[in-house]
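Visitor: For reference, the structure I am asking about is given below.
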């Protein structure tokens, strides 16, 4: 069976994908791939996602230059989630988030039962205006 | 605004959740939460998911004893994915996968353009038959 046929694609033909930084173990982002995106990712060794908002392939870094080099691809026990081990290129430390931060998971839940809130706790490494020049 | 209202719940009222081991950085599993599951997770400090197959709350470890202690909860830039930093309890090293493996992401894509396949590369740490005694 083709390795792409092993995937349990959802009703939209997509699979969720987690990108984890190979060196640090940091979870950088979460996105989606369709069959073509997953095939291209394996072929090129760079992450190609499917943008649900734009309904088209999205070669991560195509606008920012912040490409993701893929070292390893993993599939979970239910064959419905993919994990990429990547190096986030284009800046040191890597910038995976469109806000100019290292990781998209920059908000932490703070507080206790009396009151909780999501609080940004990671710095902006580069002004998004200078990343997305168009 | 309530911290639960900040989440962009999908059309089924769910949000995808990544569980990452705090000590090692290993991505252990991927699951879903509804509003009640997320509230309970924060309240108890243990992961409570929503099982889509069983359509009910699923306190991780309720059958296996392999509970997940939650140290930190993160939200991504689009407010539609949650990341948990956990300690996987009940076995050393932790067993997060129903197959008795450490992580659900135990299959690696091997091969090249001539032929690729998903190959299990992580050991079974405990026989699932002895984990799920019922």
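Even glycines carry a Cβ here, placed using N, Cα and C.
Just lifted these from TrEMBL, have a look:
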- B:29-106: domain 'Phosphoribosyl-AMP cyclohydrolase' (DOMAIN)
- B:76, B:78, B:80: Mg(2+) binding site (BINDING)
- B:77, B:97, B:104: Zn(2+) binding site (BINDING)
Visitor: Work out how many Å separate residue B:76 (Mg(2+) binding site) and residue B:104 (Zn(2+) binding site) at their Cα atoms, rounded off.
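Guide: About 22 Å separate the Cα atoms of these two residues.
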Visitor: What's the CA-CA gap between residue B:104 (Zn(2+) binding site) and residue B:80 (Mg(2+) binding site) in angstrom, rounded?
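Guide: Distance (Cα to Cα, whole Å): 22 Å.
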Visitor: Please identify which of B:76, B:78, B:80 has the densest Cβ environment, defined as other Cβ atoms within 10 Å, among these binding-site residues.
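Guide: Highest number of other Cβ atoms within 10 Å: B:76.
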Visitor: When you measure from the Cβ of residue B:97 (Zn(2+) binding site), how many other Cβ atoms are you left with inside 10 Å?
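Guide: Its Cβ shell of radius 10 Å holds 24 other Cβ atoms.
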Visitor: With every protein chain in view, what's the tally of Cβ atoms within 10 Å of the Cβ of residue B:77 (Zn(2+) binding site), excluding that atom itself?
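Guide: A 10 Å sphere around the Cβ of residue B:77 (Zn(2+) binding site) contains 18 other Cβ atoms.
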Visitor: Round to a whole number and give the Cα-to-Cα distance in Å for the pair residue B:78 (Mg(2+) binding site) and residue B:97 (Zn(2+) binding site).
Guide: 28
